[in-house]
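Below are the structure tokens for one structure; questions will follow.
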Amino acid sequence: METKDMMMTSMLTMDKEENEGERDKAREELGGEQEGTQQENGRLMLADGLTEKGPKSLTSGSGQQVSNGFTTSTPQSPREGPGTADSSRDTASGPGGGTGSSVPPGSLRTLVVQQTSLERPRETWSKKMDFLLSVIGYAVDLGNVWRFPYICYQNGGGAFLLPYLLMAVFGGVPLFYMELALGQFHRSGCISIWKHICPIFKGIGFAICIIALYIAFYYNTIMAWALYYLISSFQPTLPWSTCTNSWNTGTCNRYMSTDHNVSWSNSSTSPAEEFYTRQVLQVHLSPGLHQLGSVSWQLALCLLFIFTIVYFSIWKGVKTSGKVVWVTATFPYLVLLVLLVRGATLPGAWRGVVFYLKPDWQKLLSTTVWIDAAAQIFFSLGPGFGVLLAFASYNPFHNNCYKDALVTSSVNCLTSFLSGFVIFTVLGYMAEMRKQDVDAVAKDAGPSLLFIIYAEAIANMPAATFFSIIFFLMIIMLGLDSTFAGLEGVITAMLDEFPHILVKRREWFVFGLVCVCYLGALSTLTYGGAFVVKLFEEYATGPAVITVVLLEVIAVSWFYGTNRFCNDIEVMLGFYPGRFWRVCWVAICPCFLLFIIISFLAFPPEVRLFNYHYPPWTTVLGYCIGVSSFICVPAYMVYHLLNAKGTFKQRLLKSITPEPSSDQHRDLIVTNAV
């Protein structure tokens, strides 16, 4: 019995040595042929200790193929270098104790093929600065120029900076960082990304796309107004500086300190106000939203020109838009500096600066100040619009998006602060010329601050034509950056969701999208179009996008999990986010967003424009427009649960379980080869 056991052991030992020798020889041959070549469609690895009969599936040569037909070019396992194969060859022994026995014909060895994605490689930014300028151009928009200065002086001047910075640090910047990290890790747009986070929340992506369309309907109209002003600026005398034009009324008064024969009354209007309301907008021809009137053909042509620029800037993707932003994102800063220097040298400029920054600490006790600070920083940085996800998805995987988030958000906040000086030095000059207080001059908010007050101030400066041209050119470029970004967010989302249909037809899809935006904007080009713009701005986008971002933070922090999200960041950046960021994502950001939503519902804004007070039915209409985008979220949840298989518990569990990303999780295919 012992003799029989010894014979069996000897036979097994010899068979094992033979197999090891054959395996090492096969590894040597595979490694020698393909060493140093670049991995293309798959990685081929020899699996130790696995043998299985199967069909012939490997042909030798420089373009080796496996049974699924994929060309392989890196046959060695990552654990094995050339030295490993050599040492194995020197120590392994065959049946006769040799070291170089050939593999007998018909011997089968199991190979593990690591299959990579066969999809077209994702487009990337040509340069890092293309990405940074695109994000800065998106975040720094018209709101930085007109909304921040007005909100700042209205809410306590310098004292407002305290709640503004607190809301930025604990709310705005963490949301900004989160979206950049999500987009860069999963490399997907705002629709398809949800299958890797929490599939049941995919409706958030569709809601974001609808909100982006609503914004495109009215936001570009403001640029059309600026283009009308720009064209009108190429005249020796600016048309909004005199009261002798065909659109002027008998109440028009050009009231400055040099006009000694003019008296100003409460019923008087400035030439700049009449040019804006009666020539550009023509709102005097519309009684309100119930009767908008005809489309202004001049504004229709201006908007057509704006959308033509937009189309040819984004039709080819970030390769083209990344080059355009080198002009559209940097030129506004040059103009702001020129206007700041010019404004600082005007008489009375110091009065405007004091009015802008003089702190009123009592106002910090008002809830309204904190609401305005939270809303301003949120809409200024712009998380939740799908843009940051889209832009970051074109970054290299290991790009330092943490540093990018801090740099771009800081630039955005500083630009808002700088814009305040540009605006209020000129307002101080206007107050000095009119012999009025600054608050009497700065009574207008929103677009009126730019198109009436600032335009009038420019008209009364030396070299008025030059400053008018560069100012309105700056307004157009500030708006173009944000439009590029908003539409790119929609385009990336749709191309990632329907790649087989749209990727090869990107130019036609972008053309169709731009046409839809132009047709949707026609209502804002009517005589009552300014009323429509105000309605969209107040109701259609604000509450809806804040609610969408609240759900996004909850889905990422609570369902996907903060630990998993932080692990993803560590894989990308090499470091784990600190406790501050984790606490912000889990608790502070949701509270920050919930605070804005509750404040909006508790204190609904009183919407009015010029002398028109919006009737109650317009409020209902506004909320309906806002809900029309948000309804995608619960609608998709119901659709997803109804189409899933299994019991309700199984469906629910599957709907909140993220799918692995194909870029990070490869499929392992076991196949047999000679």
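Counting starts with 1 at the first residue shown.
In case you wondered, yes, glycine gets a Cβ from its N, Cα and C as well.
Just so you know, TrEMBL annotations never went through curation; they're auto-generated.
Here the structure is a predicted model, which means the values were calculated and not measured.
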Determine, on the basis of TrEMBL, the cysteine among CYS209, CYS252 paired with CYS243 in a disulphide.
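It is CYS252, per the disulfide annotation in TrEMBL.
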Counting only other Cβ atoms and using a 10 Å cut-off, which of the binding-site residues SER380, SER482 scores lowest?
SER380
What's the CA to CA span in angstrom from GLY137 (Na(+) binding site) over to CYS243 (disulfide bond)?
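Approximately 37 Å lies between the Cα of GLY137 (Na(+) binding site) and that of CYS243 (disulfide bond).
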If one looks at the chain holding VAL140 (Na(+) binding site), which residues at least 6 apart in sequence have a CB under 8 angstroms from its CB?
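The answer is ALA329, PRO332, VAL411, ASN412, THR415, LEU478, ASP481.
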Quick one: do the transmembrane segment (370-394) and the transmembrane segment (508-533) have at least 3 Cβ pairs under 8 Å, skipping pairs fewer than 6 apart in sequence?
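Not in contact, no.
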Pick out which of the recorded positions CYS243, CYS252, LEU478 has the most other Cβ atoms within 10 Å of its own Cβ.
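Selected residue: LEU478.
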Against the transmembrane segment (324-350), which of these stretches has the most C-beta pairs under 8 Å: 161-182, 203-231, 451-478, 539-560?
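Result: 451-478.
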For CYS252 (disulfide bond) and SER482 (Na(+) binding site), what Cα-Cα distance in Å is obtained after rounding to a whole number?
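It is 36 Å, counting Cα to Cα.
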